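Chemist: This is the feature table in TrEMBL:
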type	residues	note
BINDING	71-84, 271-283	NAD(+) binding site
BINDING	ARG91, ARG101, ARG129, ASP214	substrate binding site
BINDING	ASP214, ASP238, ASP242	Mg(2+) binding site
DOMAIN	3-341	domain 'Isopropylmalate dehydrogenase-like'
SITE	TYR136	site 'Important for catalysis'
SITE	LYS182	site 'Important for catalysis'
Amino acid sequence: MKKICVIKGDGIGPEIIDEALKVLKVVRNDLEFNECLMGGIAIDTVGECLPQATLDCALSSDAVLFGAIGGEKWDNLAREKRPESALLKLRSSLGVFANLRPAKVYNDLLSLSSLKDEIVKDVDLLVVRELTGGIYFSQPRYKNENEACNTMKYTKEEIYRIAKIAFECALKRRKKLCMVDKANVLETSALWRELCSELSKEYPSVELSFMYVDNAAMQLIKNPRQFDVILTENLFGDILSDEASMVVGSIGLLASASIGGKVGLYEPIHGSAPDIAGKFIANPIATILSAALMLRYSLNDEDNALKIENAVARVIKDGYGCADMSFVKHKLNTKEMGDLIAKLCVQ
Ligand code: IPM
Ligand code: MG
C-alpha cells in the first residue's frame, strides 16, 4: 500500500478533494488515504493551523494531496496563526522547493480564455516556481507601528537546485527555458542569472533566455506560445502562474506539483473560494489533475497519470465543464464532473 496524506482544508477544499479521491480510487486500489487537518478547520478544531499530527503524517507518507485553505473568518489572526502560514510551513517542512505549474490550453475550448483564439491556440507552458525561499521566507521580516519589512534572499544552493530542475524539465519538453527576474533592479536576480548561465553549459541542447518580470507579464498575454518552461523565484511565480491560468481560461483547471523534498505535495493552484463553498459548483479538475501529477511524480505511475489527463481532455472536448467555464455546452456540478472523469478512466 502507498500512503497518501490527504488534507482537504477549508472552503471548497473538501468538495474538490473528494472528487480527486474518487478518481484515484478507480485507477488504483493500493492507496491508503489518511485524512489530516490543516488551515482554518484545524484552528477551529484543535486550535492551531498546522497540527503536529498533520506534519508527522505528511512526512511519513508517500505523497500529500492538498485542497485549499483560508477564509475571511481567520483573516484577522496574526500572520503566523493564519491558515496560509500552515501551507508555507508544510511546504518548507517537506522541503518541496520546486513547484511545477503546467498551463496547457485545451484547443477544443479556446473560447474559455479571455484572450483571442489565435493567441492561446497550442499554448503549452510550464511555470517552475521556487517555493521555499525568497521573500516568502527570508529574514529579516517584521511589522511595527512605523514600518514593515520583508527580505528577498537567495543562496547559490537554492538557486542552483531549482534551476537544475527547470533545465531537466525543459530537456523533456521543447527545450526552451526562459528565466524570469528583475535583474535590472535586484541583486538576487543577478545571482540567478549568473548561476543559470553557468548551468546552461551542462545543458547545451536547452535554449536559455532571460526576461524581466514586467515584460514577462506582458508577453504572457501578448504571445504566450513563445514560452516553454518559465523558471522564476517564489513571488514572481505566484503571480505569473495565476496569469497563466487565464491564458488557459480558468484557474479551476490548473494543477501543481511541489517536489524536490522528502515527500511531494500536490495541490490545485487556486484558493479556497469561500464564496462558493458548500454549493458543489466548484470545478474539481485542477485537483484531479494534481492527483494525476501525484501519480506521475511521487508514485512513478505514468500510465494512470496519463489516463486521468486524457479523461479530463476528453470531458473538455465533449463540451462538459463547471460553473467557472462560461462557454461550455454542458454544465456539471462538482460531483457530476468527478463521476464523469472517473467513469472515463475505467473505459
Ligand atoms: C499559491 C497560493 C499560496 C502562495 C498562498 C495561499 C499562500 O497563492 O499556492 O499560489 O502564495 O503560494
Ligand atoms: Mg497563488
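Here the Cβ of each residue, glycine as well, is placed from N, Cα and C on the backbone.
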Chemist: Using DSSP, would you call ALA277 (NAD(+) binding site) helix, strand or coil?
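Modeler: Looking at the DSSP assignment, ALA277 (NAD(+) binding site) belongs to neither helix nor strand, so coil.
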Chemist: Among the recorded positions ARG91, ARG129, TYR136, ASP238, which have a Cβ atom lying under 6 Å from any atom of ligand 2?
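Modeler: Only ASP238 qualify.
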Chemist: With the substrate site defined by the record as ARG91, ARG101, ARG129, ASP214, how many Å span the farthest pair of C-alpha atoms?
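Modeler: The two farthest binding residues have Cα atoms 27 Å apart.
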Chemist: Taking DSSP three-state, what's ARG91 (substrate binding site) in: helix, strand or coil?
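Modeler: Looking at the DSSP assignment, ARG91 (substrate binding site) belongs to a helix.
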Chemist: For LYS182 (site 'Important for catalysis'), which of the binding-site residues PRO83, ARG129, ALA273, ALA277 has the nearest Cα in space?
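Modeler: Smallest Cα separation from LYS182 (site 'Important for catalysis') among PRO83, ARG129, ALA273, ALA277: ARG129.
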Chemist: Taking the binding-site residues one at a time (ASP75, ASP214, ASP242), which has its Cβ surrounded by the most other Cβ atoms within 10 Å?
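Modeler: For the binding-site residues ASP75, ASP214, ASP242, the Cβ with the most other Cβ atoms within 10 Å is ASP242.
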Chemist: Taking only the Cα atoms, work out how far ASP75 (NAD(+) binding site) lies from TYR136 (site 'Important for catalysis'), in Å, as a whole number.
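Modeler: TYR136 (site 'Important for catalysis') has its Cα 18 Å from the Cα of ASP75 (NAD(+) binding site).
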Chemist: Using the centroid of the Cβ atoms of ASP214, ASP238, ASP242 as reference, list every other same-chain residue with Cβ within 8 Å of it (recorded Mg(2+) site), in sequence order.
Modeler: VAL213, ALA217, LEU235, PHE236, GLY237, ILE239, LEU240, SER241, GLU243
Chemist: Just to verify: the residue among GLY71, PRO83 with the fewest other Cβ atoms within 10 Å, which of the binding-site residues is it?
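Modeler: Relative to the other binding-site residues in GLY71, PRO83, GLY71 has the fewest Cβ atoms within 10 Å.
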Chemist: Can you check how the pLDDT averages out over the domain 'Isopropylmalate dehydrogenase-like' (3-341)?
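Modeler: That region's mean pLDDT is 97.
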Chemist: Can you list which of these binding-site residues (GLY71, ARG101, ASP214, ALA273, ILE281) have a Cβ closer than 6 Å to ligand 1?
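Modeler: Near ligand 1: none of them.
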Chemist: Around ALA273 (NAD(+) binding site), how many other C-beta atoms are within 10 angstroms of its C-beta?
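Modeler: Step by step: centre on the Cβ of ALA273 (NAD(+) binding site), count other Cβ atoms within 10 Å, giving 23.
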Chemist: How many Å lie between the Cα of ILE281 (NAD(+) binding site) and the Cα of ASP214 (substrate binding site)?
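Modeler: That comes out at 34 Å between the alpha carbons.
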